[in-house]
Amino acid sequence: MPLCPLLLLALGLRLTGTLNSNDPNVCTFWESFTTTTKESHLRPFSLLPAESCHRPWEDPHTCAQPTVVYRTVYRQVVKMDSRPRLQCCRGYYESRGACVPLCAQECVHGRCVAPNQCQCAPGWRGGDCSSECAPGMWGPQCDKFCHCGNNSSCDPKSGTCFCPSGLQPPNCLQPCPAGHYGPACQFDCQCYGASCDPQDGACFCPPGRAGPSCNVPCSQGTDGFFCPRTYPCQNGGVPQGSQGSCSCPPGWMGVICSLPCPEGFHGPNCTQECRCHNGGLCDRFTGQCHCAPGYIGDRCQEECPVGRFGQDCAETCDCAPGARCFPANGACLCEHGFTGDRCTERLCPDGRYGLSCQEPCTCDPEHSLSCHPMHGECSCQPGWAGLHCNESCPQDTHGPGCQEHCLCLHGGLCLADSGLCRCAPGYTGPHCANLCPPDTYGINCSSRCSCENAIACSPIDGTCICKEGWQRGNCSVPCPLGTWGFNCNASCQCAHDGVCSPQTGACTCTPGWHGAHCQLPCPKGQFGEGCASVCDCDHSDGCDPVHGQCRCQAGWMGTRCHLPCPEGFWGANCSNTCTCKNGGTCVSENGNCVCAPGFRGPSCQRPCPPGRYGKRCVQCKCNNNHSSCHPSDGTCSCLAGWTGPDCSEACPPGHWGLKCSQLCQCHHGGTCHPQDGSCICTPGWTGPNCLEGCPPRMFGVNCSQLCQCDLGEMCHPETGACVCPPGHSGADCKMGSQESFTIMPTSPVTHNSLGAVIGIAVLGTLVVALIALFIGYRQWQKGKEHEHLAVAYSTGRLDGSDYVMPDVSPSYSHYYSNPSYHTLSQCSPNPPPPNKVPGSQLFVSSQAPERPSRAHGRENHVTLPADWKHRREPHERGASHLDRSYSCSYSHRNGPGPFCHKGPISEEGLGASVMSLSSENPYATIRDLPSLPGEPRESGYVEMKGPPSVSPPRQSLHLRDRQQRQLQPQRDSGTYEQPSPLSHNEESLGSTPPLPPGLPPGHYDSPKNSHIPGHYDLPPVRHPPSPPSRRQDR
């Protein structure tokens, strides 16, 4: 199984069990959620004084006024809150309620003991325990030798040498350079300049020095240096036992405690494992975790709470509401639609919102702050509410969302936007509870008394006593410039045209200066009188210290440098003109072009290539053969006849044109072209809407074929089959006959669907019975009369066709198992008249004179038209009747003469299978016909080029009437004609009147489906039965 799905499964699935914050490797993070809570806030109420002023001469300032008190009330609010959640620390995943280490590579033959650290089973090596190479070998086939010196091992996959302590990588051939030791020679010798053992760092002290670090001097003696006894343990290690081994203090390990603890371990001899998570570092001496920014806790397992970030979570986030602050560095993660360092800038221009900023905001522009750049929700100005910020706050409420309450006394009105009271004249204060201060009067105490420099002023008429610095009786004239004080006798000491106060002599500096004597210029960022004004510039390099005019940066303009350059301009003071084409905009700071969707290039001068669109000219999703793609938004414009999101769907039947919006106007089964709506008519119809039938002597598709009838007779408008006059036959009516026959179509007979259902049920029962009696019936036919009237079905020769059915010898009865041709058996000699005529049968009428006496009976041939077939029209015919009526006459030397019968052809009378007429295999070869005695044998093969048409034939009324007149008997012919039962009552579909005496019932040998598709054999001759009583039982 691939490793990636295993990792995802390990990280994503939570098995049974619950994490505990005290469990190892469990960390805490904070998640935000929405909650409804009860919030307290202060609401003002007024308390009237116990006594009020009623004496008009009293100073109103000395009277007690109503006092305002605040009481705590509660309201329900919806706000965002956060809560801690437990999860496995980085490098671990949850399994059965515990956090187990996770290895990025599967430990094939081992187990994961720490994050990305495998403990291999015996005999296996490598980071993932998948190699069984012997020591000193590596590679996928373990056929490469490790090129590592000093018997060093190598990685079984990469061949990288694992150099032991004291040898230099990469090949472990050289010892550590002087002054270095340990693994990879990463530590410096601690021997006061002396060399050390490259493996464990033991010092090689020079003469005169001793100690584990050569830090103990030896005394000089007569016999050399005398050195005190020392132990090799470094870094405070304590010797143990007689072997000189050392017990290392916390943070050190090795034989002489010269190696610091490796990462992840601490304590004495580095035996304790660190438990610091989320990138925290462990102090190798104490094991205390030094957490990375964004995490706290004794194991660095807790993420900074919401709103805090940085080292030890000491910093406060400064992100806009709705944005999230990253705990590590405090960067703001903006919600959709906002950008900027604090997520305060909208991505969409003012007044627009949506994914492409294409939707206009519906907020009242005067009373709304903005609309949300993604979903368009209006942010109302304080004092306004409603979906579109067009509803003012109710009385005594104000603020954002009208959530705050206000209280205004003495007839004051509350301003819905700020909650400030608009007090009645003479009152002031947050709740209009106080009189105007001395020397003021009027609405909001904005008017001063007429002697505004008086010691005292009436709030009504402004009467006053002059103060220092003023002169004349009404205290309206100040001291002259340069003087101040009582009687204006002191001189001012103000520089840079500063003016001193006539009362105190304090200097009022001109804009741009400050100080006791106006001798100092304004500090940077301040301007104006007394440098009291702060520069109000958004994107500037400071402002003018005198009048505060902002010095705008490139790309900005306006009094506060708060307006970006207008469209089409950029640079300092927006003095440069953009050169972007095709609707592109330029960056106001540097003039770079930002192209509109559908264009590209440095100046947006090039459109997207065909088949691409949008800002990045991405691939269109339209079907290139049936549509075009809008270069801006990729919208597919379908060509006529196509529809769908990508124009890959053709118009549904009955529709055409652009967007398939036009309805087809084709009749009689015609279809219309999906692009231009032109009608494609069925054979036999023409005209723009297929409403016109074919003109005389024309037939076929669009009536483009000429009838091939030799005598100028009419032909079928769909198939072109000729309707021959009496005495002629053949596909083109060229064949004459001694005995002429006319086969006339009759009108279809209608019946209700219930009759069709009953007929089908009866037919099914009869078919089962007939199959059981079939073998006996064949034997019963043998030895009967050999004289039959053969009626051969042949297709009429159409324009361009190459086949015709030859006449059939009268001496034989044949049937051909062919889907387009069928042969009727000849009538038998005159038997006794039956008592009952079975079913609807096929009869052939004859009005020709009798044959010579040597003949046993009449030899008649009839060629049926090509449109003889099984047809159905639900509103006219049932499901089991053929739609032609034919007549048959028979004469015998002993009989009374020919008879004529008409009747509808049904599948019971014909014995024909519907499948033989509507078979999907229209091709067959009819083999040789039996030759007559004394006549040369002729072979006839007919290859069928197509199945019979399924369209109902159409005949003009005059042609049908003429055919019916031709079938009327002559008074002198001796022919008896029995009228069709359908001529007077079309509802009697299945009934036939009794036959005249001496006329046998019609017989039709139906074809059976051949076992070889497309090729049919000639079955044995079948003779009609002679006993009439048995014929009636069929």
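Using N, Cα and C of the backbone, Cβ positions are placed for all residues, glycine too.
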Among ASN151, ASN269, ASN625, residue with annotation N-linked glycosylation site (source: Swiss-Prot): ASN269
From CYS608, CYS636, partner that Swiss-Prot gives for the disulfide involving CYS622: CYS636
Listed as N-linked glycosylation site by Swiss-Prot, one of ASN474, ASN489, ASN573: ASN474
Candidate annotated in Swiss-Prot as N-linked glycosylation site, out of ASN150, ASN444: ASN150
Same-chain residues near the domain 'EGF-like 1' (181-215), Cβ under 8 Å, at least 6 residues beyond its ends: 163-169, 175, 224-225, 227-228, 230-235, 237, 254-256, 258-260
Among CYS203, CYS313, CYS494, CYS586 [disulfide-bonded residues], residue with fewest other Cβ within 10 Å: CYS313
Secondary structure content, the domain 'EMI' (23-101) (per DSSP, counts of residues): 3 helix, 52 strand, 24 coil
Disulfide-bonded residues compared (CYS622, CYS636) - the one with the fewest other Cβ atoms within 10 Å: CYS636
Cα separation, CYS617 (disulfide bond) to CYS666 (disulfide bond) (Å, whole number): 44
Candidates CYS578, CYS586, CYS593, CYS604, CYS690 (disulfide-bonded residues) - the one closest to CYS421 (disulfide bond) by CA: CYS586
Surrounding residues of the domain 'EGF-like 7' (575-605) on its own chain - C-beta under 8 Å, 6+ positions past either end: 553-556, 564-565, 567-569, 613-615, 617, 630-633
CYS580 (disulfide bond) versus disulfide-bonded residues CYS325, CYS507, CYS681, CYS690 - nearest by Cα: CYS325
Rounded inter-Cα distance in Å - CYS604 (disulfide bond), CYS586 (disulfide bond): 10
CYS629 (disulfide bond) CB neighbourhood, other CB atoms within 10 A: 25
